[in-house]
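One structure is given below, encoded as structure tokens.
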């Protein structure tokens, strides 16, 4: 009966010619790449990169036919189509291709947040159903036509794919340093080639999902290993309105010499410079010039000399949870660092925007409503709180870190490819773009401070970036960060404490001591003890902070990318 009904219905289907049907299926597998390259400004702005990715994608789609042949190629294409909804949702909801951060954010989105986008999900569902219907129509047309895929066509596609991949690999070798050993140059070329593959649908989804699962395993491993952590709490603040709210803002790539507050001639901090309840520290060294190495030193007792300490002690999230504080992590970049993941079990509220540090479509102001919502809940529940706000700050590319209305200094690097933006001939544009990111950071921080100023509860905000940034000023060849032997601009960072009126009334002596010690040389490894001191929590693991009169400066060190411990003092005093 079913066969009879299908035969009757199928007579009225306007079937496509077989090879047209095959082309339609291939195009539908390729189509997500059009959205991906359109959303990826870095690829879109370079004709060369655009061609590289699109040709690679076309060859990979061709490989479905080459490997699957007449019978199995449509099935392989159908498997690709199963991942189309995820890519489409990412492009529509986030404006960017699928990434680790978006996968992470998806798994951490609650039902309430998802319900806010109900209308968008209906649109996505309608588009997906339409595409799948067209694919099914093309598949049925192909089956009805029963045409073969020529053996020579299949061999030709496979050969072109292999030659193209070899060409991409070979082209990557000259871009690695000629001083590197041969194996390292080969590894560099392989990494460059792999980076292109993971931009292609649906391999971007496979890679991002695998990365998320790897990080999730790390989170479960360290959470189980650390448990509640070994950090002890002796005393906590009294219950009620005296319980403070501590906001810890971790910036990204902050060159202290480009902050107006630190003496820079440009007005890069026009809003913060007008505030009176700010204590600025004048000599602060980062413990590393890479985010992955710096973050553990900012939120645990890890140091360059004992970097793995957090793995058995835990982080500040563990400490503040023990002290009865509400804890939160609010991030505009995917924090796949083990120390952060291990602390998620101790976090009451966490939000990720789903963006990576190389994102070209996310500004830090998106964190403001999340922070405001969290503060409202804390005030309502009358709890002490410790919240980390992790921003994208001034990470390269600089022109992608702030809206165009913050392009105060002109010309900028907007419209330039990354390789051009780093060229010495665009030094002025690069500096202008970087300074504009500091202006934007000034705005975002001022908004956060305004929020804590409005609270009747004691509240304090601490800001420090993870590391600095080379801009080619000290050495024209020295740009960005992550150097094995960093210069001063990579290690020197700004640090300030801002507080509301209620906090000042209850902690006058502490603030006076901080102001007195603000010229002392300190390291980011002093920041966790400072945060504990500001919170009113007493812990034997944090006996002295820069907020105590007994504080004395210690030699400062940094951890290089190769995990070598070197003197930061020597770098800052050159």
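Any Cβ shown, glycine's included, is placed from N, Cα and C.
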Annotated range (TrEMBL: transmembrane segment) out of 119-140, 185-206: 119-140
For the transmembrane segment (119-140), out of 20-39, 45-67, 152-170, most C-beta pairs under 8 A are with 20-39
Mind checking which residues reach the transmembrane segment (45-67)? Cβ under 8 Å, same chain, six or more beyond either end. 22, 26, 29-30, 33, 36-37, 73, 76-77, 80, 149, 153-155, 157-158, 160-161, 164, 168, 196-197, 199-201, 203, 415-417
PLDDT averaged over the residues of the domain 'Sulfatase N-terminal' (244-528): 91
